[in-house]
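Chemist: Right, I'll just put the structure down here and ask away after.
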Amino acid sequence: MEAQNIFLYLLIVFLSLHFVFTTLKGRLSPANTRRLIRLLHIPIKSPVAAAIFARKDTREFLDSSIKLVNEEDDFGFSFDFKPYMISKAETINRALDEAIPLIEPLNIHKAMRYAILAGGKRVRPILCLAACELVGGEERLAIQAACAVEMIHTMSLIKDDLPCMDNDDLRRGKPTTHKVFGESVAILSGGALLALAFEHLTEADVSSKKMVRAVKELAKSIGTKGLVAGQAKDLSSEGLEQNDVGLEDLEYIHVHKTGSLLEASAVIGAVIGGGTEKEIEKVRNFARCIGLLFQVVDDILDETKSSEELGKTAGKDKVAGKLTYPKVIGVEKSKEFVEKLKRDAREHLQGFDSDKVKPLIALTNFIANRNH
């Protein structure tokens with residue numbers, strides 16, 4: 001009976017809001033129309049569907065990803081990271097769900113939602129929120145920025161999986177976006193996520209000075225000084241023999257293709273949180289370390305894990321002849337490099353509040369110890 005009452009209540013609310021929307025639609029500005037559409041979206045999607053998604057898919061995904069971070073590491077550090085990460089991921093998932101309603105063009109929005117709500121560790125948006133709080137800011141100030149970097153990241157995955165790029169059929173254990181919706185819709189949905197990311201970022205409640213800097217950081221991270229440069233170098237290096245390349249080539253690819261957006265995520269969080277120039281620079285150097293760390297671990301996993309364990313096609317880098325750390329220096333030396341990057345990352349966090357720094361240290365351990 002209680003469930004029926006809840007259903008009737010939601011139905012009444014929805015019909016009432018729908019009447020208001022259809023009555024006022026022609027009289028509203030585009031910005032207010034968009035807000036009203038999102039309001040109509042909330043009763044059906046956010047409290048029910050998004051909450052169920054956040055508790056089920058995200059928890060299951062993180063349960064299988066988080067290992068060792070709740071125990072003491074080699075430095076004697078201990079932090080209960082799992083509830084922290086799940087809480088942040090749920091906040092981000094709800095915000096993403098509200099940001100991308102099921103409206104026309106329906107097939108594009110379905111593809112956008114399929115790609116971005118398909119699970120995932122949410123490392124970049126969590127890094128953005130943690131960096132904001134590290135320098136004394138509030139989570140609410142950085143939530144739009146956190147969503148923006150995840151939209152950009154998802155766009156990059158859609159493009160990366162296309163037949164003309166890495167030609168992958170699996171992502172997060174599910175068929176890739178172009179396999180479900182077709183290449184043309186996948187490309188359009190990626191472009192839509194890119195545009196929406198900047199639109200969403202500009203809705204953050206911060207000063208124009210901080211906003212301009214945040215937009216610049218994000219744009220730089222995905223252009224020819226960031227992600228695009230790394231992807232171009234990655235593609236041009238396919239099939240080269242080990243003697244034809246060096247560590248500097250490999251580091252260039254990883255720092256730009258993977259590290260640039262991780263760096264931007266942290267820096268934008270610190271900027272929005274009101275960090276000093278010295279604090280922002282320390283956060284930037286920390287993020288550069290974990291950006292490279294993330295990709296080195298990715299290279300190791302691609303070499304040592306199965307497709308079932310990874311949730312994506314295993315061994316594809318080796319088959320494609322891509323440059324990876326195991327290919328250039330071997331698996332064991334790659335693991336040693338992981339430990340060095342962990343130490344370097346921690347050093348850049350010295351001088352910050354000991355409690356506020358804990359999530360970032362735990363995130364570093366999570367990235368290093370993840371199994372997919």
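Cβ from N, Cα, C; glycine included.
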Chemist: Which of His109, His153, His178 does Swiss-Prot put in the same isopentenyl diphosphate site as Lys121, Arg124, Arg172?
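Modeler: Checking His109, His153, His178 against Swiss-Prot: the isopentenyl diphosphate site match is His153.
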Chemist: Name the residue among the binding-site residues Arg124, Arg172, Lys257, Lys322 whose Cβ has the smallest number of other Cβ atoms within 10 Å.
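Modeler: Each of the binding-site residues Arg124, Arg172, Lys257, Lys322 was scored by Cβ atoms within 10 Å; lowest is Arg172.
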Chemist: Taking the centroid of the Cβ atoms of Lys121, Arg124, His153, Arg172 as the isopentenyl diphosphate site, which other residues of that chain lie with their Cβ within 8 Å of it, listed in sequence order?
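Modeler: Near the isopentenyl diphosphate site, the remaining chain residues are Gly120, Arg122, Val123, Glu150, Thr154, Leu157.
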Chemist: Given the binding-site residues Asp166, Thr258, Gln295, Lys322, state which is nearest to His153 (isopentenyl diphosphate binding site) when distance is taken between Cα atoms.
Modeler: Thr258
Chemist: Rank aside, I only need the closest one: which of the binding-site residues Lys121, Arg172, Lys257 has its C-alpha nearest to that of Asp160 (Mg(2+) 1 binding site)?
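Modeler: Closest by Cα: Lys257.
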